[in-house]
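Annotated in TrEMBL:
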{"type": "TRANSMEM", "residues": "35-57", "note": "transmembrane segment"}
{"type": "TRANSMEM", "residues": "64-82", "note": "transmembrane segment"}
{"type": "TRANSMEM", "residues": "88-109", "note": "transmembrane segment"}
{"type": "TRANSMEM", "residues": "121-142", "note": "transmembrane segment"}
{"type": "TRANSMEM", "residues": "197-218", "note": "transmembrane segment"}
{"type": "TRANSMEM", "residues": "281-301", "note": "transmembrane segment"}
{"type": "TRANSMEM", "residues": "323-341", "note": "transmembrane segment"}
{"type": "TRANSMEM", "residues": "353-372", "note": "transmembrane segment"}
{"type": "TRANSMEM", "residues": "378-400", "note": "transmembrane segment"}
{"type": "TRANSMEM", "residues": "412-434", "note": "transmembrane segment"}
{"type": "TRANSMEM", "residues": "440-463", "note": "transmembrane segment"}
{"type": "REGION", "residues": "472-493", "note": "region 'Disordered'"}
Amino acid sequence: TLTYWSVFFSFGLCIAFLGPTLLDLRCQTQSSLSQITWVFFSQQFCLLLGSCLGGVFKRTLAQSLFALFASSLAISLVFAIIPLCHNVVVLAVVMAVAGLAMGCIDTISNMQLVKIYQKDSAIFLQALHFFVGFGALLSPLIADPFLSDTNCILSNSTANASSNLPHIRKSLVPHHPGNLSHYDLPMKGMVVTRVSYAFWIMALINLPVPIAVFFLLYKERMVPCFNGSSHPLLSADELAMETRPVDKDELSTPGQRHQAAGGHDDLLSCCQSRNFRGASYTYFAVHVTGALVLFMTDGIVGEYSGFVYSYAVEEPLAVVHKVAGYLPSLFWGFITLGRLISIPVSYRMKPSTMVFINVVGVLVTFLLLLIFSSSVVFLFVGTASLGLFLSSTFPSMLAYTEDILQYRGCATTVLVTGAGIGEMVLQLLVGSIIHDRGSYSFLVCGMIFGCLAFTFYAFLVFFHRMYPKPSPELDDASPDKAAVADDTGQYQR
């Protein structure tokens with residue numbers, strides 16, 4: 001469990017560094033602002049692709065751990081290689097590799113914790129997603145001392161361009177580069193940047209993570225030539241906290257282990273027709289509505305963190321650029337705080353209740369932001385409130401949906417994919433709407449997305465009530481059993 005949490009720390013460390021360091025990377029690659037912002041797209045697109053394909057490696061514990069080892073090691077190598085990338089295309093390719101690694105980590109870590117703890121997984125998923133926020137807070141803090149205070153390409157126009165640098169840097173948030181076409185910075189000249197040290201420090205900080213995954217492989221006797229002396233770790237049945245009605249020895253046959261392990265295939269396997277035969281319509285409805293809730297809520301995370309700064313500096317608020325720059329940090333800080341608070345709360349509260357509080361809180365916060373749209377103070381209060389309510393939505397929804405499906409569907413894969421698509425699509429949508437309709441539409445869009453998230457959650461609760469209750473022994477002709485994909489079990493070597 002600690003290993004899976006640490007791997008998610010790598011995910012968070014890699015997701016947030018690009019925004020504040022992008023100007024120094026522009027100097028390093030001597031590219032234009034419009035060229036360097038394509039690095040954002042390469043990372044986000046490949047993150048989504050990696051999330052879709054991550055389930056391919058879940059069929060055995062060995063495949064999952066080797067994939068996590070390769071992904072976490074790839075992130076350390078990416079941090080070490082970035083200072084050597086002096087061409088923007090090479091940098092985009094390197095960030096694409098990082099995106100694929102992050103996507104695999106996202107899917108596999110969620111899947112493995114759900115498989116191990118099942119009905120007890122909520123508290124462990126809350127802790128897992130806390131480590132994302134912790135890593136996302138840490139990487140900008142590491143980079144900040146090494147960022148250039150003036151333009152890092154010295155030329156005749158440096159003095160004029162440097163006055164815009166703080167404004168541009170705050171526009172380059174991790175999730176959306178913004179419209180930077182009207183800024184003119186020199187592309188040729190002597191490069192003076194120290195940002196390489198930040199990346200090498202992050203590479204060293206992340207290095208214990210692949211070592212921890214390798215140690216877990218060693219303890220599970222999966223490392224060639226080192227499989228004779230170590231004692232294997234506890235099984236999933238021994239790790240789970242709840243008292244089950246059946247003894248672990250009763251799940252010794254392959255068929256029973258298959259039934260207990262559940263689905264959790266990759267996206268392509270989930271879409272195969274063999275998974276649909278005999279399944280009720282509520283089986284599909286739970287997957288779709290759960291994914292749509294996260295499509296909206298994760299999309300809100302992306303669009304709010306990406307555009308709150310631009311909204312704050314425009315009329316009627318006209319917040320000072322330096323003050324407005326704290327808004328994305330405040331948002332991510334309260335997301336991290338909310339995930340920390342959710343760890344003990346999830347032990348006492350059902351995931352369905354937590355999701356209800358989250359979506360209602362998001363809806364009420366956007367409503368108040370619209371009512372007090374001329375108040376700078378309430379913008380900061382609302383940003384913090386929104387971060388708190390959005391913080392635990394993903395792990396709570398994942399635990400709730402998997403619980404409905406008795407851990408035999410493809411919920412983890414579908415939900416991770418839906419969240420990733422929402423984060424990309426809603427950013428692009430809101431960006432184009434703000435460009436056409438003005439900054440006030442930023443809050444209107446958030447309100448609409450919040451209403452849709454609440455609506456889809458209501459449909460999910462309805463389909464949960466319609467979903468067939470589990471019987472003590474699933475019959476071979478049961479629709480739910482027919483909907484299960486072939487699985488060899490988590491602990492098959």
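Backbone N, Cα and C define each Cβ position, glycine as well.
Heads up, TrEMBL stuff is auto-annotated, nobody curated it.
Fair warning: this is a prediction, and the values are worked out from it, not measured in the lab.
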Within-chain partners of the transmembrane segment (323-341) [C-beta distance under 8 Å, separation at least 6 from its ends]: 16, 126-127, 129-130, 132-134, 136-137, 140, 166, 170, 173, 301, 304-305, 308-309, 312-313, 379-380, 383-392, 395
Touch test for the transmembrane segment (121-142) and the transmembrane segment (378-400), at least 3 Cβ pairs under 8 Å: yes
Recorded stretches the transmembrane segment (197-218) and the transmembrane segment (412-434) touching, at least 3 CB pairs under 8 Å: no
Ranked first among 35-57, 281-301, 353-372, 440-463 for CB pairs under 8 angstroms with the transmembrane segment (88-109): 35-57
Paired segments the transmembrane segment (281-301) and the transmembrane segment (35-57) in contact, 3+ CB pairs under 8 A: no
